[in-house]
Amino acid sequence: MRFGQIFCLFCAFISCSLVWLIYHSYKPSWFSDVLECRATVTKHVTLDLIFPVGVACAQPSVHTSRQDVSISTPWSAPIVWEETFDLVVIDNIYKYQNITVAATVFALGKYVRFLKDFLESAEQHFMVGYPVHYYLFTDLPNEVPEVKLGEERQLTVIKTPSLKRWQEITQSRMGMIEKLIEEKLRNTIDYIFSFDVDTKFHAHWGAESLGDLVGVLHPYLFGSSRQQFTYERRPESQAYIPSEEGDYYYEGAMIGGRPDKVYELAKTCRMQIEMDKDNQIEAVWQDESYLNKYFLYNKPTKVLSPEYMWHDEIQKPDHMKVVRFSQVIKKYAEIRPNT
Ligand code: UDP
Ligand code: MN
């Protein structure tokens with residue numbers, strides 16, 4: 001090697017070291033902007049619906065599969081009902097991509113009593129065959145029941161402070177979901193769901209429920225007019241929805257989607273809850289009211305039918321061919337910290 005070449009190599013080495021040193025010492029704003037920009041791009045990538053070669057499936061029909069219920073929203077998001085999807089097709093798409101799912105659940109105070117049924121039934125019916133990581137928030141970690149988990153399924157208990165009012169507990173979930181995604185899940189999982197704990201799975205809840213932003217229709221208010229929806233009607237609240245607006249009434253006991261989308265939802269609702277708190281106002285149905293406001297202006301890309309959110313005290317109408325998940329009957333006075 002000639003002296004000239006050695007000198008060039010030396011200069012290149014010194015320049016690289018200098019750039020590295022300047023970046024780590026000052027982090028110039030143009031450099032951060034470039035990184036920030038790249039981060040935003042990757043955050044919003046959607047999963048492609050890649051289908052493996054050589055898998056035989058039934059041919060799709062060109063006619064609507066259900067006559068009795070709507071299977072699509074006015075913005076063309078699917079409304080998922082029994083007989084509207086082919087699980088063989090769906091599982092081939094998502095298993096091929098090795099997706100992972102997180103499920104959060106909150107059990108504070110006496111609500112720990114619901115955990116056993118929730119977890120055991122989830123193990124039987126929720127995303128069976130996919131890796132699932134439960135994140136369980138509780139102020140009573142010693143009372144978390146032992147539940148045998150399947151292969152590739154795990155549970156992390158996160159100790160949370162006790163709260164005195166049930167309204168605070170249900171609303172505080174938004175901030176905790178936001179923080180969990182920001183600190184742990186953002187780049188490590190593909191989908192996240194959050195559930196009420198006073199619930200039980202009864203039948204298959206699988207990959208047909210996956211989407212960028214997923215909401216579920218309320219079992220009581222399904223079919224009601226928008227004027228009857230129990231939206232927040234006081235203009236002073238951040239959750240306010242005027243009587244001439246509204247698509248559906250969504251249940252607050254489940255939200256789901258890609259981590260970046262659920263993060264935006266949780267953060268927005270958390271901020272609006274705080275703003276209202278500063279103004280001494282609390283929305284009529286707490287986090288559910290803010291969720292309904294969010295979904296009105298940020299439309300869900302997939303809507304789950306009440307099959308995915310039933311209530312044990314309601315009689316099943318004909319259009320409900322299956323109950324996949326329901327809220328159980330509970331004695332409010334017995335389990336809530338305040339009335
Ligand atoms: N929750 C809790 N402890 C409480 C009150 C509520 O852990 O004392 C959590 C729990 O996950 C529950 C959710 O907040 O499922 C929503 O509250 P709740 O089920 O009472 O509301 P509802 O479904 O009756 O409107
Ligand atoms: Mn509930």
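Every residue gets a Cβ built from N, Cα and C, even glycine.
As annotated by TrEMBL, active site, nucleophile applies to Glu288. The annotation UDP-N-acetyl-alpha-D-galactosamine binding site is assigned in TrEMBL to Tyr111, Asp196, Val197, Asp198. Residues annotated as Mn(2+) binding site in TrEMBL: Asp196, Asp198. Feature annotation from TrEMBL assigns transmembrane segment to 7-26.
Take the Cα of the residue listed as 'active site, nucleophile' and measure to each of the binding-site residues Tyr111, Asp196, Asp198: the nearest one is Asp196. Annotated UDP-N-acetyl-alpha-D-galactosamine site Tyr111, Asp196, Val197, Asp198; additional same-chain residues within 8 Å of its Cβ mean position, judged by their own Cβ, are Val105, Phe106, Ala107, Phe114, Phe118, Phe195, Thr199. Only Asp196, Asp198, in sequence order, out of the recorded positions Tyr111, Asp196, Val197, Asp198, Glu288 have a CB under 6 Å from ligand 2. Its own atom aside, the Cβ of Val197 (UDP-N-acetyl-alpha-D-galactosamine binding site) has 22 Cβ atoms within 10 angstroms in the protein chains shown. Under 6 Å, Cβ to nearest atom of ligand 1: this is the test, and of the recorded positions Tyr111, Asp196, Val197, Asp198, Glu288 it is passed by Tyr111, Asp196, Val197, Asp198. In the three-state DSSP scheme, Val197 (UDP-N-acetyl-alpha-D-galactosamine binding site) falls into the coil class. Following the DSSP three-state reduction, the secondary structure of Glu288 (active site, nucleophile) is helix. Under 8 Å, Cβ to Cβ, and six or more positions away along its own chain, Asp196 (UDP-N-acetyl-alpha-D-galactosamine binding site) finds Val105, Gly252, Ala253, Met254, Gln327. The Cβ of Glu288 (active site, nucleophile) has 23 neighbouring Cβ atoms from other residues within 10 Å, across all protein chains displayed.
The Cβ neighbour count for Asp198 (UDP-N-acetyl-alpha-D-galactosamine binding site), using a 10 Å radius and every protein chain shown, is 19. Taken residue by residue with DSSP, Tyr111 (UDP-N-acetyl-alpha-D-galactosamine binding site) is part of a helix. Counting every protein chain shown, 23 other Cβ atoms lie within 10 Å of the Cβ of Tyr111 (UDP-N-acetyl-alpha-D-galactosamine binding site).
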